[in-house]
């Protein structure tokens, strides 16, 4: 008789996701074998914004695709609240509940649209996960408006919309599921500066509403703007983590990476080199150029 091993959930109060000893191989046990994730472990708290950065091919997207079951772990364990995703499972239990808990906004979410009206596209996810048509319809109108489009768009064909409008519709469909965790994979790809600012506002709003947010990006100024914690991957390994200033002020670490320092951090470093009194700017930890200007004015005013 097989001994049943009871799995112990490692999550504590205030935590939402735990990853333990996760490894992932492509083309495993062949001459083309590649180790994409290398023994990754981390525990993520609720209601924080995590930015995952690193070179192309460092394993960022592969990592987050494990979080909602798009990729099932071959090695290692993942807990999302009380839902277990593990190497020994044939299939993930509570799969629908997992998808309700974690949703991914892919790099070009507009390519996920496939219905003949905007309303049907937004309603698709909530209905697939068990909501009534009535409830899904109400959420379609609500989240479309949250994305800056009027209710009159509901009956429009999504394929007649502009690229930016399509992206808003696709994101509205994901928000309508009302997940506790949102993952954004290169959310600003192809956006103009105003679109980037709008996306950062969306991420801040998601945190303000109590959600946990993951963002994969190569735009370091956006990382500084929104991140509570930064995780740096290299060849599938977690090589550094901390708040944005801990990461971006570590010159010895950055020297061995291709990470481009955000302009705000570079200006602070230059000012400190000119006059050490500007070291107090590090106490303000400005996240953008406006905050930096305020911090500089404050420093000058108080001599």
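Numbers here mean position along the shown chain, with the first residue as 1.
Yeah, the Cβs are placed from backbone N, Cα and C, and that goes for glycine too.
These come from Swiss-Prot:
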type    : residues                       : note
DOMAIN  : 17-260                         : domain 'ABC transporter'
BINDING : 54, 55, 56, 57, 58, 59, 60, 61 : ATP binding site
Give me the mean pLDDT over the domain 'ABC transporter' (17-260), rounded to a whole number.
93
I'd like to know which of these binding-site residues, 56, 58, 61, is least surrounded, judged by other CB atoms within 10 A.
56
54, 55, 56, 57, 58, 59, 60, 61 excluded, remaining Cβ within 8 Å of their centroid (ATP):
233
Cβ-Cβ under 8 Å from residue 60 (ATP binding site), same chain, 6 or more residues apart: which ones?
52, 53, 54, 185, 216, 233
What are the non-local neighbours of residue 59 (ATP binding site), defined as same-chain residues 6+ apart in sequence with CB under 8 A from its CB?
24, 36, 37, 38, 40, 233, 235, 236
For residue 57 (ATP binding site), the number of other Cβ atoms found within 10 Å of its own Cβ:
14
Output, ordered by sequence, the same-chain residues six or more apart from residue 55 (ATP binding site) with a CB under 8 Å from its CB, or 'none'.
234, 257, 258
